[in-house]
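Quick look at what TrEMBL annotates:
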{"type": "BINDING", "residues": "Thr117, Asp170, Asp198, Ala199", "note": "S-adenosyl-L-methionine binding site"}
{"type": "COMPBIAS", "residues": "141-155", "note": "compositional bias 'Polar residues'"}
{"type": "REGION", "residues": "135-159", "note": "region 'Disordered'"}
Amino acid sequence: MAASVRLLARRVIRLSHRNIFAPAAGASARSGCCYETSACRCLSDAAEDRNTHFGFETVPEAEKAKRVYKVFENVAQKYDVMNDAMSLGIHRLWKDMLLHVMHPQPGAQLLDVAGGTGDIAFRFLDYVRSQQERQKRRAARSSQTPSWQEISDNYSSEDELQPSRAVVCDINKEMLRVGKQKAESTGVSAGLSWVVGDAEELPFDDDQFDIYTIAFGIRNVTHIDQALQEALRVLKPGGRFMCLEFSKVTNPVLARLYDAYSFQMIPVLGEVIAGDWKSYQYLVESIRKFPSQEEFKHMIEDAGFCSVQYYNLTGGVVALHSGFKL
């Protein structure tokens with residue numbers, strides 16, 4: 001209820017403002033580490049006339065969200081199959097690397113935005129369970145013959161530990177429906193919840209999560225800066241932002257091969273497997289419109305995150321970005 005009231009209040013504030021506040025002339029957009037962020041992205045009189053990109057096409061901002069929604073509504077049923085086909089299965093390694101770098105511990109609270117079919121959430125819960133088992137085995141080896149007091153203390157410490165949970169948040173109901181079906185078919189339910197929500201206006205209170213992830217989703221957001229500010233808001237102090245996204249290939253030879261494959265093969269695969277050429281043409285084009293690794297790093301810093309860094313995967317085909325809320 002509180003989250004709904006907070007969301008309504010933010011929308012009222014945005015609609016009531018008519019001026020866009022900007023830094024004073026000569027003021028630096030970035031300083032050493034952490035930054036003050038505005039309470040909201042205020043709208044001007046001409047807000048509805050602003051344009052943005054939808055792939056290589058220029059469209060009004062208000063139209064982009066609707067068209068992106070339609071794309072993922074169309075591809076939801078074949079989304080996972082197409083991921084395997086387009087990346088030759090390598091997307092699984094990229095997501096495994098995300099979890100390896102994240103290294104979540106038992107009790108961690110995850111928000112996976114644009115989580116769709118649940119790939120990151122499932123991996124997170126599996127990883128946390130494996131960590132719990134590893135810790136139990138380690139504890140058993142360290143005390144082969146524990147006293148009754150030690151056994152009692154162990155039970156008490158386990159009860160005090162908040163169970164880990166993963167919240168999958170996606171604006172697209174069809175993607176969430178497919179994710180729920182996967183969870184049911186694999187028997188995954190404990191610690192997992194599904195929420196319809198917009199990355200630019202998350203339906204959660206402040207300081208709720210230890211980790212925020214968004215994998216191959218932020219390039220589809222109309223206002224990336226606003227999504228980053230929302231990520232900062234819902235993270236607890238010390239929480240971690242992690243983004244896995246297609247990026248700029250660093251090797252010129254690989255870049256030419258990657259471009260040829262992307263534009264000549266991926267839409268064809270979309271037509272053959274999912275019966276949808278246009279949606280996958282958009283997805284290929286949207287990758288080219290996304291900022292470079294360094295540009296996106298600066299955007300994350302501008303949102304208020306500290307210790308921001310990125311790792312190139314597969315020669316920069318994908319980059320894993322990470323930052324912390326202090």
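Along the chain as shown, residues are numbered 1 onward.
Note that Cβ sites are derived from N, Cα and C of the backbone, with glycine treated the same way.
Note: TrEMBL annotation is automatic and uncurated.
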Protein Cβ atoms within 10 Å of Thr117 (S-adenosyl-L-methionine binding site), excluding its own: 23
Annotated S-adenosyl-L-methionine contacts Thr117, Asp170, Asp198, Ala199, maximal Cα-Cα distance (Å, integer): 16
Residue, out of the binding-site residues Asp170, Asp198, whose Cβ gathers the largest set of other Cβ atoms within 10 Å: Asp170
Tertiary neighbours of Ala199 (S-adenosyl-L-methionine binding site) (same chain, Cβ under 8 Å, six or more apart): Val113, Ala114, Cys169, Ile171, Ile214, Gly217, Ile218, Val221, Ala227, Glu230
